[in-house]
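**Student:** The active site, proton donor annotation in TrEMBL covers GLU502. Per TrEMBL, substrate binding site is recorded for TRP373, ASP374, LYS614, GLN615. According to TrEMBL, the domain 'Glycoside hydrolase family 65 N-terminal' annotation covers 32-280. The feature domain 'Glycoside hydrolase family 65 central catalytic' is assigned by TrEMBL to 339-701. What TrEMBL lists as domain 'Glycoside hydrolase family 65 C-terminal' is 711-767.
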Amino acid sequence: MLRPRLIPPVDIFPPNPWAIEAVRYDGRMARELTGQAETMFALSNGYLGMRGVTEEGSPVREAGTYLNGFYENRPISYGERAYGFPKVGQSILNCPDGAVMKLFVDDEPLILPDAEILSYRRILDFRGGTLNRDVRWVTPSGKRLHLRTTRLVSLAHRHLAAIAYELTAENAAAEVVITSELRNDQPLATDTSDPRMAEGFVGRVLQPTGTRSEALRAILSYRTGSSGLVLGCGMDHVVEADCALAAQAGCDNDLATVVFRGVLAPGRTSRIHKYLSYHYARGADPAEIRSQVAWTLDRAVESGFPAILARQGQETARFWERADVTVDSVNPRSQQVIRWNLFQLMQASERAEGHGIAARGLTGRTYEGHYFWDTEIYVLPFLIYTNPPMARSLLKVRYDMLDSARARARELGQRGATFPWRTINGEEASAYYAAGTAQYHINADIAYALRKYVEVSGDVDFLCRYGAEILVETARLWCDLGFFSDRMDGRFCIHGVTGPDEYTAIVNNNCFTNLMARENMRYAAETVRMLKRDHPDSFDALVHRTHLDADEPEAWDQAAERMYLPYDERLKVHPQDDAFLDLEKWDFAATPEDHYPLLLHYHPLNLYRSQVIKQADTVLALFLLSEQFTLEAKRRNFAYYDPLTTHDSSLSVCIQSIVANEIGLRDKAIHYFNFAVAMDISDLGGNMMHGAHIAAMGGTWLAMIYGFAGMRDAHGRLTFNPCLPEAWTRLGFCLQVRGQTIRIEITHSTATYGLVAGAGLTLWHGEDCVRLSEATPSVTKPVGGAAGGADASAP
């Protein structure tokens, strides 16, 4: 169930609409919340990510530098193996850490929790795309020093990170030693009691393949033992100092250092610009990878830190221009937390081309860096409307996995393609089939996201080249997996599956799965007919690649038309599955508060035999397929399932907020939204230390745009029915639709739709048609009453 908020203390983290800013240092809190800070201040560009460990490297809970898709295979062990269980999984690897720059003043190390701090600021700057720190302290001998650092992971050059390090002696000469490191540590230990955590490795994982060192530069290279990936990473330095700094470099297989020594006179400053580069490729020559690292470092040194910093600001400005969501609220922290969510979405996706988006992005190892259905259902809508090229890239990643999905389907004795529940390389990595392989709905989720992308972007080329093939193979899967049941009057049934609710597993006719499978088959048949009619060359290529039979689309249509959807006449709700309503309801009153999430305290069988829901399941269908349910049906189903839902998944409350808003439960809608938007910043799940919940942040965007702005976009018709919470006075955002950019501004009394770029488009405000054009670039419509529910307690 929902736990109380742990809002960061305002005296340390005051509201700031464009930053997360710590304005004073609390040593005790710094030690207790080290892991949370490492996530909060993490930097990433979607390809390269660095956790927010301070340059001193202490205190530290889990240092982490990650590359999207850089993994090692690991054997999956079972107490009792069965046919079709995955034998090999993948885990993201922690790469050598180059963020450390240890400081010694008169032979005393700087350890902030033990230092006498005079002033302190640490800022995650949303507009600059940087992590900045400004510290003044007094040494035990009374010397005052001033340290300023700026760190960035480049959005323009995805293989590059950089640090500006400035140290000033204020009142007395100081002998300083700065040790810059590039360190490869052994794998971290893992808490195996939590199934969400990465399992980890035993012993050495990265095998050294050579080093390269000259002057202030060092490059290390490695090879993985099983996955065949070759990594190169390097550092270089440019020194600008008011005093002579002597430098001594050292380099071996797992540690490269450059040690700077000198005496800073009073009022003098030493400046070091540190550049880091990371490259990897499969089966590459290590010498070639080291050369690529050197090339990136050469370009960085040539450009200089000021130019790299300026370019970073330009890139983030472009992101905010297209993706910002502005909220005027009585709570000054609301805008800050909303932008932190959006900033994390940018960091997870901006330079992820050619890769997926992991459940925790590149902010932590939890879930082993795997891609789930989270991307298609919770993150892709945000990207479809704000960054269509990246949405296309993510769908292309799924297409690139299609051959592996076909092989997995054959292994399971099925036709078509079975996409993996969790993966990095396209092969199934879930060891628990009941909450992994059985979640066949991921195939329909991918098809659903594909349809939304094509309808919103107008990118028929992608559908012809790649999407149609995905649709054919997933439709084949459903047609093969299900059957026409005589006991159900010839209805098409799908047995032995698990829906989004992982507290109910291996069921017959999960309502969500059946609904989404129906949509998948319908869209596949529709697409095949469209290609045959309008794109005959693409149709011929599709038939050649898939060996499509002429009668297959009709079979998909028949299965979709006869799809069985559970319905209870007495309660007038859709049962989550055939047996769900026969189960005993979970005794929430007897469940201790500290026993959530339930999966860590109860055997799966206890959960499976009860009416208890981990996350939105049928309610998710009410949102995704909104046009297929009446408002009254939504009210009845929400009223039944909402009290049974624990929200033990971070993906739940955002969906509950959207549906609650639509059916008029305004207080509940903002209540759920407040939990969604604060999921990580307030550490509601108690696991922020392990990384940010990227999909939940996508869900926050969904809750604002589909919830309070009331947007629906079924089959290409864009409709808004806005209703703001009482505590909000304005909501504004931009969307990209079929090559046009529009801006929506909503207040309690009006909604204004504006054409920002493009020739124009048509949308609906309720039942009123709104036509935007160059001649009529802005239209204002009246809005009904406020949604209710103050967010005064929300961060």
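Every residue number used here counts from 1 along the chain in the order it is shown.
Even glycines carry a Cβ here, placed using N, Cα and C.
Caution: TrEMBL annotation is automatic and unverified by curators.
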**Student:** Which residue, of the recorded positions ASP374, GLU502, has its CB surrounded by the fewest other CB atoms within 10 A?
**Tutor:** GLU502
**Student:** So around the substrate site, TRP373, ASP374, LYS614, GLN615 aside, which residues have their CB within 8 A of the centroid of those CB atoms?
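**Tutor:** So the additional residues around the site are PHE372, PRO500, GLU502, SER649, LEU651, SER652, ALA695.
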**Student:** Tell me the Cβ neighbour count for GLN615 (substrate binding site), meaning other Cβ atoms within 10 Å of its Cβ, over all protein chains shown.
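**Tutor:** The answer is 22.
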**Student:** Have a look around TRP373 (substrate binding site) and count the other CB atoms within 10 A of its CB, chains all included.
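**Tutor:** The answer is 22.
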**Student:** For LYS614 (substrate binding site), what residues in its own chain, 6 or more apart in sequence, show a Cβ-Cβ distance under 8 Å?
**Tutor:** ASP501, GLU502, TYR503, PRO597, LEU598, LEU599, THR645, THR646, ASP648, SER649, SER652
**Student:** What is the biggest Cα to Cα gap, in Å, among TRP373, ASP374, LYS614, GLN615, the residues listed as binding substrate?
**Tutor:** 16
**Student:** Could you break down the residues of the domain 'Glycoside hydrolase family 65 C-terminal' (711-767) into DSSP helix, strand and coil, giving a count for each?
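**Tutor:** Per DSSP, the residues of the domain 'Glycoside hydrolase family 65 C-terminal' (711-767) fall into 3 helix, 35 strand, 19 coil.
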**Student:** Can you tell me the three-state DSSP label for ASP374 (substrate binding site)?
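**Tutor:** ASP374 (substrate binding site) sits in a helix per DSSP.
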